[in-house]
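So the structure is just underneath, and the comments pick up after that.
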Amino acid sequence: MLVGQGAGPLGPAVVTAAVVLLLSGVGPAHGSEDIVVGCGGFVKSDVEINYSLIEIKLYTKHGTLKYQTDCAPNNGYFMIPLYDKGDFILKIEPPLGWSFEPTTVELHVDGVSDICTKGGDINFVFTGFSVNGKVLSKGQPLGPAGVQVSLRNTGTEAKIQSTVTQPGGKFAFFKVLPGDYEILATHPTWALKEASTTVRVTNSNANAASPLIVAGYNVSGSVRSDGEPMKGVKFLLFSSLVTKEDVLGCNVSPVPGFQPQDESLVYLCYTVSREDGSFSFYSLPSGGYTVIPFYRGERITFDVAPSRLDFTVEHDSLKIEPVFHVMGFSVTGRVLNGPEGDGVPEAVVTLNNQIKVKTKADGSFRLENITTGTYTIHAQKEHLYFETVTIKIAPNTPQLADIIATGFSVCGQISIIRFPDTVKQMNKYKVVLSSQDKDKSLVTVETDAHGSFCFKAKPGTYKVQVMVPEAETRAGLTLKPQTFPLTVTNRPMMDVAFVQFLASVSGKVSCLDTCGDLLVTLQSLSRQGEKRSLQLSGKVNAMTFTFDNVLPGKYKISIMHEDWCWKNKSLEVEVLEDDMSAVEFRQTGYMLRCSLSHAITLEFYQDGNGRENVGIYNLSKGVNRFCLSKPGVYKVTPRSCHRFEQAFYTYDTSSPSILTLTAIRHHVLGTITTDKMMDVTVTIKSSIDSEPALVLGPLKSVQELRREQQLAEIEARRQEREKNGNEEGEERMTKPPVQEMVDELQGPFSYDFSYWARSGEKITVTPSSKELLFYPPSMEAVVSGESCPGKLIEIHGKAGLFLEGQIHPELEGVEIVISEKGASSPLITVFTDDKGAYSVGPLHSDLEYTVTSQKEGYVLTAVEGTIGDFKAYALAGVSFEIKAEDDQPLPGVLLSLSGGLFRSNLLTQDNGILTFSNLSPGQYYFKPMMKEFRFEPSSQMIEVQEGQNLKITITGYRTAYSCYGTVSSLNGEPEQGVAMEAVGQNDCSIYGEDTVTDEEGKFRLRGLLPGCVYHVQLKAEGNDHIERALPHHRVIEVGNNDIDDVNIIVFRQINQFDLSGNVITSSEYLPTLWVKLYKSENLDNPIQTVSLGQSLFFHFPPLLRDGENYVVLLDSTLPRSQYDYILPQVSFTAVGYHKHITLIFNPTRKLPEQDIAQGSYIALPLTLLVLLAGYNHDKLIPLLLQLTSRLQGVRALGQAASDNSGPEDAKRQAKKQKTRRT
């Protein structure tokens, strides 16, 4: 289908055309019609670009070029005709460096729902040019990779793009729009001499104004001695090409004591190795260098290998290899119990876990035969602790630093007299040592079975605490003291001790009147089931109680009397390390229980008492409990936004019960706010069928009600004055009357209304007015009844908006379309009157509207500075006459016309004429397109004036031809959907065309070039249902005419594979033979088995032609103990339609044992062997017994294998031997 589209450049007045044209094939009639699909769109750009440099190309999904075209130079419009359905790729091919999004579009043309059939635009948007540049090494033609390069607008700091350089130093930015930019280079380690440059992008790709320069690269290495890093080794840098000025971050002063050996090298600078043995030169330009190590100790200069190393810096950082090594004394030390402390005797000092020495009485020790390096030294002494130190030993360090004790043992004992009964006795406990220094962490150890423990502690102040398990703590096990403070100085602490503790709990009960019988309970909070009770009794208002022998822990002490109020009905206490006293229970009143469906306020007073007994309670939903200070009968009244079943309730303290209040309705409020005082009516509809619709109104605004109240008050005061005047006499009436004024009514105006709703009721509130519009028009609210609904409805009313306009000059019948901004469909459509005027309203004033106009034959544009006024212009037209070179009309030509926002793609009819009317004045670009033809002019820009009608003649010349044919099955049935192709041969091998047969099996291959030979054949893809074609291809040679009757017969795929075979063997073995079929990946389970019986031939049921690998194996029941035979097997692949297999089975019978008489031939040798064995029987008999035993085992194994061989043996052969394929 070809979709023609049009849109006027000055507005929507131009009629949009959408046509579907069925066009017979050009040339001889072949009884089929070709559906032409136009795929078009725009190359779009917000900046000026040369559209003529851009090509749009259509490829098949396999990469064959189907069509190419250029763009309209005025607006970038393009159109590509398609003559076949299928999958294609549309590509934009701009000049190198230009960027577009997207670059390719995949098309699936089905003639129904694809973008081309629907007439949609395929647009390519220009995103920018490319900017190229280089980062070079100083003095070099190339540069490094990995430099970060950023692009930003000149004068700003924000980065637009970032990239990194490629090998050689090149970099590029893409999608850069015209403007002035700054390019900056950065690198985390390299120094840059020129770190920024500029570039100006106009209407093409641009190059950076100058290259960016890297001043140098960091070079590093390392030095070690016996595997340990060496500090303080100097590395001197020399070069014959690089100057000192080019080297950065390096000490250029001479090195004392160094004598150069090579006068050809120029000294540049030196660096010194660090703690970790590493050294580095911060910035060295590209070039050749020599580094020489130099190391002098306090008393000696050491050799360093290698003594000299040459290296070259290219365009990257360099790690110098190999590692430098310093090549090759007694040292003494002391072990002390603290800084400036005493020596520790008999301490064992270990060097690198190998050399061990003991300290003398003064704590000193001596290490001999030490080479330069870093060592680990560790000292050991009972109850003293030392840290392992790592120290660097060199000739200039003969005296080691003192080894100071860092910690001492802190030991103690836990004594438990009686274990609680509710837990199992434990033998071990965790003990925590915590320092007074908050920055230090806790140390935890575990006691032994006797309760002893020890810590390792540094000098300082500490406290020790036993961690009693939670179960034991709940059971009441407590130790004293809770913490043991101590101070560690320079010796171990061995006297820490903890012992067990018990306690008592006592208290008092105070009553408002006589206490009577009360029960006090003590219940452990941490030990379930441990509960003790005391029964108290007395006719006094105060009593005491005591619980003895209480284990430490948390307890709950409770007093039992449900109908009384207590200051504390229960108390939680914790027995730690002291006795517990001063526990008190005090009665405060009498309990009232109230069950509420909602949170409300209750007002109550006591019958027969004064106002001082009235109380107010704010209660929550659910069961509430509160206390009444005196007994009696109370009247309870609910106050809330809810209506209850009763207006008030009564409660008697002498008959305690639960007071239940259930709400049945809930107060809903609403407000309507308007900017004008108008008639407002509210309709409330309920979701409950039994509730009728409620109409409220006309409502009075709050301002009106306030005014009426003021008027009523003024009138009352006036009447009061008149009354007073009549009483006071005539002189009072001579005074002037008092004038009172009411407030003027000013908006906004509020209209309040309310409604009592049931729980779960859904109400719909709809306001109405003659001149107001409401926002929203109606509101719904669901009253859950869980809480006060409050103001659920808020609606605003506003005066309507009217839109008016005029057409200049006056023009009747112009269609005016009013739409809400962003809406897909128009809101209101009207036509101008005989004066060219219109008026629309009322409309919602808080919305934005768009006003458009259109009239056939006119372009209407909005008048600047007005809202809704338009100017009208008469339209122009263009007529195209397209002829063949024989001057005959040429139908079926796709003509694309575009200009501004207008575009149209139409096919010529039998007369070859196309007319475009209703065109706005301006420039247009046209391009005729038809496969197998070229046109003169091929494309052209034309200027159309207002009201002008142009006539343009176009001539088409035939450049290629078509091949027509059919594809059918052997019985003549047409084959639909077969993919065909024409493949060029010899010099035309780069050309090719493809198509698909229609429902009649017909096909047309277009665009075949004269003088070329093609093979017309089935495509390799898309024909999975076809097995083969007859012939495989047809050879055609294209002249100056179309080619007809290229017919091909195809055979559909058959998915069956037949397998048969025969066995060559003697007929006597046939009853013992089976033929088995296996899949090659599973030789354990046959998928089919066939018995031969009395026939030498066999046939398996049909297999699937699935390309799988199979194995056919012959199996026999002949006993291996009597026959020798090989079971043949053949492997094959299920390809094709049939397979015949021949198997050969030729068993041989085993020979019987030989007669004894034949033994006479070996009698003499056997006699000699017996005599020899007699002389050596002591050695030979054990050997013969062992040999006989082995031979019997081998024979038994062989017999078992022979008797049980058969199918399993054949399977093993099939797995181990390589199969024979046929």
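Using the three backbone atoms N, Cα and C, a Cβ is placed for every residue, glycine included.
Per Swiss-Prot, the features are as follows:
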type     : residues  : note
SIGNAL   : 1-31      : signal peptide
TOPO_DOM : 32-1155   : topological domain 'Extracellular'
CARBOHYD : ASN50     : N-linked glycosylation site
CARBOHYD : ASN218    : N-linked glycosylation site
CARBOHYD : ASN618    : N-linked glycosylation site
TRANSMEM : 1156-1176 : transmembrane segment
TOPO_DOM : 1177-1222 : topological domain 'Cytoplasmic'
REGION   : 1198-1222 : region 'Disordered'
MOD_RES  : SER1205   : phosphoserine
COMPBIAS : 1213-1222 : compositional bias 'Basic residues'
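For the glycosylation sites ASN50, ASN218, ASN618, the greatest number of Cβ atoms within 10 Å around a candidate Cβ is found at ASN218.
In the three-state DSSP assignment, the secondary structure recorded for ASN218 (N-linked glycosylation site) is strand. Confidence across the topological domain 'Extracellular' (32-1155), taken as the mean pLDDT and rounded to a whole number, stands at 87. DSSP assigns ASN618 (N-linked glycosylation site) to a strand segment in the three-state reduction. Under DSSP, ASN50 (N-linked glycosylation site) is assigned to coil, being neither helix nor strand in the three-state scheme.
Calculated from their C-alpha atoms, the gap between ASN218 (N-linked glycosylation site) and ASN50 (N-linked glycosylation site) amounts to 47 Å. Taking CA atoms as the reference points, ASN50 (N-linked glycosylation site) and ASN618 (N-linked glycosylation site) are 81 Å apart.
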